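Asker: Attaching a single structure in structure tokens format; questions to follow.
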Amino acid sequence: ESAFSDNIALCRASLPRNMIENSMFEEEPDVVDLAKDSTAFPTFPALDPDEVTYEPRSSRLLVRGLGENDMDDDEEDCESSARLLGMSFMNRSSAHRSNSSPYTRQAPPRSCSRPSSRTIVVCVLFLVIVASVTMVFYFLPGCTFTKAGCHKPNKTNPIEPVYPISTNGELFPWAQLRLPQSIKPLSYDLTLNPDLDKMTFTGRTVISMSILHSTNRIVFHGANLNITKATFKLGDGQASDVTILEYKPRQQLAVNFSEELKAGQYCVLTMEYSANFSNAYDGFYKSFYIDKDRNKRVLAATQFEPLSARKAFPCFDEPAFKATFLIKISRKKTYMTLSNMPKAKSTNLSNGLVQDEFEKTSVNMSTYLVAFIVADFTPNTKNVSETQVSVYSVPEKNGHTEYALTITSKLLEFYNNFFDINYPLKKLDLVAIPDFLAGAMENLGLITFRETTLLVGKESSLLEKQVVASVIAHELAHQWFGNLVTMTWWNDLWLNEGFATYMEYMSLQEVSPDLETGNLFLSVRFRALDKDALNSSHAVSTDVNTTEQVEEMFDSVSYEKGASILLMLNASFPGDQQFRKGIIEYLKQFSGLNTDTDDLWNSLTQVLSTHHMNVSQMMTSWTSQKGFPLVTVNLMGNQVTLAQEHFLLTSDNTTHTSSLWHIPVTYVNDSCSLAPECRQVFTLKNKSENVTWLKLNYKNTGFYIVDYGKDGWSALAQALFSNVGVLTHEDRASLIHNIFALSRLGRVSFLQVINLLKYVSADTETSPVTEALLQLNNIYRQLEKRQESNLASRMKNFIMSTFRNLTAKQTWEEEENVSKQELRSALLEMACNLNDENCTQQATSLFKKYMESNGTLRIPGDLQQTVFTVAGRSDETWDALFNIYVHATYDSEKRKMLKGLASTQNPQRLVQILSFGLRGSLIQTQELPLVISTMCQSFAGCLFAWDFIQENWDRLIEKFPIGSFAIQAIIKSVTSQSSTQVQAFFSGLKERGSQMRSVQEALETIKLNQRWMDRNLPTLQKWL
């Protein structure tokens, strides 16, 4: 460590802050000490505009000891730079001392008295401090670097960035994560030759570019590519060979030029390369499936979002570098290929292969949206609004594509009309891939899916169809939000994912109201609130400065919170169509371009200018800071007082922020509470009516939590107890969610929670009942984990008695209504999980009938999970269930069987399942997050899963990128043990995952659960 500091100290002295952070903390590249060997390298080229511009970066990476709120940015910049440089020079001075040992006695001059050891120590310390401070002031740049940039020009030495070292030992000419802006790619010509037998591919990439700013280099991306030849052509000149430099830690490639490339010129870079197929689920990766004759069939597919196009071809792999693509792929005659555009022609090659060439993309697109597949799939096709829509699957499952084709056709017509912009391509392919990690991926014109999120049988329940329709609706919305208009950088990922999530629910309420997606949307808003209440949460639009941070942006804040604030905004708009008009304005203004959050708010503000509504002013408070408000209500006669503060669950003494939100507060009261016309918005006008109670946040369309005070909660509880239908089911669910959240915060006693729940046994609607079940089950599981077996048993009895009457009314036959299916599924799953004898007998009987019929008897879709879980928990039926799972082909059903298998308490079987999943034999590796989350629903199972994670962490992050949604899900599931165990393990990982936000969330959640239980255990003991 000391040697590292010594080697870079002199290079650092004159650096701007962003360069210091890049070179020291991001990747720790090898750095040449220019002070020692100034003759070894030529003078650095003049800086690009990219380097002169200062981009502020997250400073908490630099000064580890400082809290986020301890000082402002400018103070932190100065202090952290001074500490860094001072420490570096102190290390250097200690390393370059005289070789004479400090312990060798020297005879003192006879004329001088020998100073005391204390005096020597004090003097040496003083000299070191003086020298260090002098060096800091001498070597610091001639200006203060702030967010506004450098206000005074540096009049001493020119700024020289510290460049890392390429794989060939030369200096790599770029030292930042994000690429320079001096070059703009215009078009790509890609030729790919995959070999599915050897699991390798070769490629040729031709990139045509425009030079925006004069520069001596081109920097772009490439990962795990063996580039065998590269040529460069400027304008109409001759092509000449060039050397490609590579810096692996940031997956960057570069070409240096002795003569400057001038702004306004055009150039072409051509590269030939070879590579292996990816062994993970990103890049150009291999996959396989077992056909009906039990033969293994190999295929290749792509998954490029967010940072993996660079693994398939050299490219400018950032969203803002949009270009056109012409793609050619060779294949065996027994295979077919797909890409973003329709196939233009096929050519027989001399080696017996066929080359398919696709039309050049008719719109500019980001690299993460490029896609291609080599497989033997079969399509189901239909023409819709001048677009050919096709759903592809493996041949054996083509009969399961009909529903996807039907709902896609309806949604495509809906979106064409709603956005007033037609889908831009002549074809739209939806492809079910056997091995696929994400739920789906919105590649332009070639949307890829897991089989479970695209394929459903003709006899599938509406609940199963709801899953498929929701994912299709989400990915189709991306063809406009994300593909047509794309965020500039990953910090604004919510512009893609928040909008697609919002449109997913909104579109299906119009296109297929029988799917009743409203309950689902309400539930995901509750869970988004739960996560955003943690101190480890982040703003919707937040800094993203590392590859791990890019992966971590794919979370509930970007998706569900993003959708929630759009719902709140739409609900606060005057009239039904104003929000839609603003969206159309935004899409038309920025079609084919990249945007940031401000662009969206400005478009909406323009539409609402006549209503004097400043959307930007209102919504910035929701996207620029983490968390959400707690609104406190005080009702005294006809006077209502509202107050807001940050709703922050914190496990330590974190100071609460002074954050404020612009909140559109809606309410209903006892005089009118059900119909939409009852909804009112608080204004500055006086209220003259006397009311008994108020319910804020009508139908929970706002992203905030409400505390009504002791009297207010009592009044609402009494109103519901007297008449359960006095509020909408959304508002009843909202009250249940809010009071449990306030209990975690310590703002209400658990006795107040119990008082509200007295009404629940009379409720028969899905959303309030399922929310109450979830919250009570969480407490039951916490009691189990604390080994409070007596209390856990009593809590189980309370849950069963509360819902006994409603559970007894549930049948085990087919049910047509989605909402009733959701309710029945939740109630019976709860009853069987709590070992209710009647429930387990019914489930066991149904499974035995299913076995005896050789699978011809159909278990209702909403009951399958309950039945398979009971079968999986029994040693008598586990083997039978496993055998059915291995031979099953229907994916939705198969996944429920896997959850049942993972519910076993048998240690040998738990180990067996985890081993199968890790190897990808019998159980696909993509299902490991599901297996682990299921195992962690029991205390014993979670202990096994936790040991497995610790033992196999390195193998897991080979398959699932650090920070990815899969890793987030695994961490959330498995870290329910003590915080000391979790902290010890993850802190030892260092660059292999120690800094993940999901780890901080896990630690916080553990401490919050412990604190809540410590505080409420006496109440629980007394009450139960």
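Every residue gets a Cβ built from N, Cα and C, even glycine.
Below are the features I grabbed from TrEMBL:
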ACT_SITE  Glu475  active site, proton acceptor
BINDING   His474, His478, Glu497  Zn(2+) binding site
COMPBIAS  93-104  compositional bias 'Polar residues'
DOMAIN    184-369  domain 'Aminopeptidase N-like N-terminal'
DOMAIN    403-622  domain 'Peptidase M1 membrane alanine aminopeptidase'
DOMAIN    693-1007  domain 'ERAP1-like C-terminal'
REGION    93-115  region 'Disordered'
SITE      Tyr559  site 'Transition state stabilizer'
TRANSMEM  120-140  transmembrane segment
Asker: Just the number: how many Å between the Cα atoms of Glu475 (active site, proton acceptor) and Tyr559 (site 'Transition state stabilizer')?
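Answerer: Their Cα atoms are separated by 13 Å.
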Asker: At the Cα level, what's the spacing in Å between His474 (Zn(2+) binding site) and Tyr559 (site 'Transition state stabilizer'), rounded?
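Answerer: Counting only the Cα atoms, the answer is 11 Å.
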Asker: What's the CA to CA span in angstrom from His478 (Zn(2+) binding site) over to Tyr559 (site 'Transition state stabilizer')?
Answerer: 12
Asker: Sorted by position, what residues of the same chain at least six away from Glu497 (Zn(2+) binding site) have a C-beta under 8 A from it?
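Answerer: For Glu497 (Zn(2+) binding site), the qualifying residues are Gly482, Phe554, Ser558, Tyr559, Gly562.
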Asker: Tell me, how many other CB atoms lie within 10 A of the CB of Tyr559 (site 'Transition state stabilizer'), whichever protein chain they belong to?
Answerer: 24
Asker: Pop the mean pLDDT for the domain 'ERAP1-like C-terminal' (693-1007) in here, whole number is fine.
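Answerer: Over the domain 'ERAP1-like C-terminal' (693-1007), the predicted model scores a mean pLDDT of 91.
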Asker: Using an 8 Å cut-off from the Cβ centroid of His474, His478, Glu497, can you name the remaining same-chain residues around the Zn(2+) site, in sequence order?
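Answerer: The surrounding set, listed in chain order, is Glu442, Glu475, Ala477, Phe481, Gly482, Asn496, Phe499, Ala500, Thr501, Met503, Glu504, Tyr559.
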Asker: Around His474 (Zn(2+) binding site), how many other C-beta atoms are within 10 angstroms of its C-beta?
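Answerer: Excluding its own Cβ, the number within 10 Å is 26.
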Asker: Count the Cβ atoms, other than its own, that fall within 10 Å of the Cβ of His478 (Zn(2+) binding site), considering every protein chain shown.
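Answerer: Its Cβ shell of radius 10 Å holds 24 other Cβ atoms.
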